[in-house]
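Swiss-Prot annotations:
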SIGNAL    1-28  signal peptide
DOMAIN    50-87  domain 'LDL-receptor class A 1'
DISULFID  C51-C64  disulfide bond
DISULFID  C58-C77  disulfide bond
BINDING   W69, D72, D74, D76, D82, E83  Ca(2+) 1 binding site
DISULFID  C71-C86  disulfide bond
CARBOHYD  N122  N-linked glycosylation site
DOMAIN    127-164  domain 'LDL-receptor class A 2'
DISULFID  C128-C141  disulfide bond
DISULFID  C135-C154  disulfide bond
BINDING   W146, D149, H151, D153, D159, E160  Ca(2+) 2 binding site
DISULFID  C148-C163  disulfide bond
CARBOHYD  N195  N-linked glycosylation site
TRANSMEM  213-233  transmembrane segment
Amino acid sequence: MARCGAGRAAALGLVLRLLLGLRTGPEAAPAPTSAPAHTLVQVSGPRAGSCPTDTFKCLTSGYCVPLSWRCDGDRDCSDGSDEEECRIEPCAQNRQCQPQPALPCSCDNISGCSAGSDKNLNCSRSPCQEGELRCILDDVCIPHTWRCDGHPDCPDSSDELSCDTDTETDKIFQEENATTSMSSMIVEKETSFRNVTVASAGHPSRNPNAYGVIAAAGVLSAILVSATILILLRLRGQGYLPPTGLLVAVKESLLLSERKTSLI
């Protein structure tokens, strides 16, 4: 009995399956499942030169990116063409090239700002000090001696321009001035020394020591003359000298004292 019940149940299940298959038909058969294929399709977009005016066309891919993304420091195109040649042509959305952020509008006599906005700046330059010169393209003052010294001191190197014809002339002129100045100083010193010497000799009152020398010379001469006369008189009294010899000796002593005085 148990076996008959199991056989009937199996037969009933087979019949039910056949009936379900007939009702659904081949259309209800489940299709084999498969993962959808995600392929990157490169959209060619508009043809070359047909991007909107407010966009930038990537060179390789042809994609159009907003013009504000151009030269913003971020590579938006796959080939990085939106970040190329940014120092040459950093243009804004209205296609008017603006100065770089690192180089703001300045008073350099060059129209680098849009709509001439640099003309509205306060571009009055303060004058350079005496002995200085101003660089041509930069508001920088440097000493005049730095001109044509073989080393560019101006940011634009304008202090070393046109030095082929001026350098030798400037050097010769400076050397001649230096030589003339040295000669003048030497002549002035020699002249001053001579004037001081002559003035000291011609005007004893300007040299206090001259009085002492003259007084000492006069006293010494008087002592010598007096001593000579006393000696000669003593010798004469002892009979050693004739009268004529006394006169000659006195005369010679006087002449000797005068010579000594003139030498002093």
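From the backbone N, Cα and C atoms, a Cβ is placed for every residue, glycine too.
Worth saying up front: this structure is predicted, and the values here are computed from it rather than measured.
In the three-state DSSP classification, C128 (disulfide bond) falls within coil. With respect to D72 (Ca(2+) 1 binding site), the closest of these recorded positions in Cα terms is C64, chosen from C64, D149, H151, C154, D159.
Annotation for C86 (disulfide bond): spatial neighbours R70, C71, criterion Cβ-Cβ under 8 Å with sequence separation of six or more. Each residue contributes its Cα atom, and for C64 (disulfide bond) and D153 (Ca(2+) 2 binding site) those atoms are 46 Å apart.
Long-range Cβ proximity for W69 (Ca(2+) 1 binding site), meaning a same-chain Cβ under 8 A and a gap of 6 or more residues, is found for F56, D76, D82. The shortest Cα-Cα distance between C163 (disulfide bond) and any of the binding-site residues D74, E83, H151, D153 is the one to H151. Note on proximity: of the recorded positions D74, C77, E83, C128, C154, the one nearest W146 (Ca(2+) 2 binding site) is C154, by Cα distance. The shortest Cα-Cα distance from D159 (Ca(2+) 2 binding site) to any of the recorded positions (C58, D74, C128) is found for C128. A straight line from the CA of C77 (disulfide bond) to the CA of D149 (Ca(2+) 2 binding site) spans 50 Å. Confidence in the domain 'LDL-receptor class A 2' (127-164), given as mean pLDDT, stands at 86. The domain 'LDL-receptor class A 1' (50-87): residue composition by secondary structure is 6 helix, 6 strand, 26 coil, according to DSSP. According to DSSP, C163 (disulfide bond) sits in a coil region rather than a helix or strand. The most crowded of the disulfide-bonded residues listed here (C64, C154, C163) is C154, judged by how many other CB atoms sit within 10 Å of its own CB. Close to C141 (disulfide bond) in the fold, though at least 6 residues off in sequence, lie C128, Q129, E132, L133, R134, C135, each with a CB less than 8 Å from its CB.
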